[in-house]
Amino acid sequence: DLWQFGQMILKETGKIPFPYYGAYGCYCGWGGRGGKPKAGTDRCCYVHDCCYGKLTSCPKTDDRYSYSWLDGTIVCGEDDPCKELCECDKKIAVCFRENLGTYNKKYRYHLKSCKKADKPC
């Protein structure tokens with residue numbers, strides 16, 4: 001669910017998720033707007049959208065899953081029916097951390113150059 005997802009992002013990046021990533025670039029935020037991803041951070045969101053699109057179990061983004069932290073690493077519950085969803089959220093949280101250096105405030109609320117998707121997943 002969004003709360004769990006936000007907690008992963010906060011712990012991985014130290015950033016409060018909504019103001020930082022809620023409307024960033026062409027893909028960060030509810031349902032990407034399309035176009036070419038804006039640098040690494042926005043690419044994380046593009047990949048996350050694709051990951052959600054490929055879910056075969058627990059396709060609702062508001063479903064809860066089990067996860068824990070082990071030595072600073074997110075571990076998704078092995079037998080959880082929503083493990084795929086957890087793995088998608090884990091990947092983007094880690095991607096955000098790895099791409100903190102690509103974050104550019106000029107891409108917040110940046111809609112002008114975002115068009116229909118031109119990159120298939």
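Any Cβ shown, glycine's included, is placed from N, Cα and C.
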Based on the record in Swiss-Prot, give the one of Cys86, Cys88, Cys95 in a disulfide bond with Cys44.
Cys95
Under Swiss-Prot's annotation, the disulfide partner of Cys58 is which of Cys45, Cys76, Cys82, Cys86?
Cys82
Cysteine paired with Cys51, where Swiss-Prot records a disulfide bond, from Cys86, Cys88, Cys114:
Cys88
Same chain, 6+ residues apart, C-beta under 8 Å of the C-beta of Cys88 (disulfide bond), given in sequence order:
His48, Cys51, Tyr52, Leu55
Residue pair Cys58 (disulfide bond), Cys86 (disulfide bond) - Cα distance, angstrom, rounded:
10
Between Gly29 (Ca(2+) binding site) and Cys45 (disulfide bond), the C-alpha gap once rounded to whole angstrom:
8
Highest CB neighbour count within 10 A among the recorded positions Asp49, Asp89?
Asp89
Work through the disulfide-bonded residues one by one (Cys26, Cys28, Cys44, Cys114, Cys121) and name whichever has its CA nearest to the CA of Cys86 (disulfide bond).
Cys44
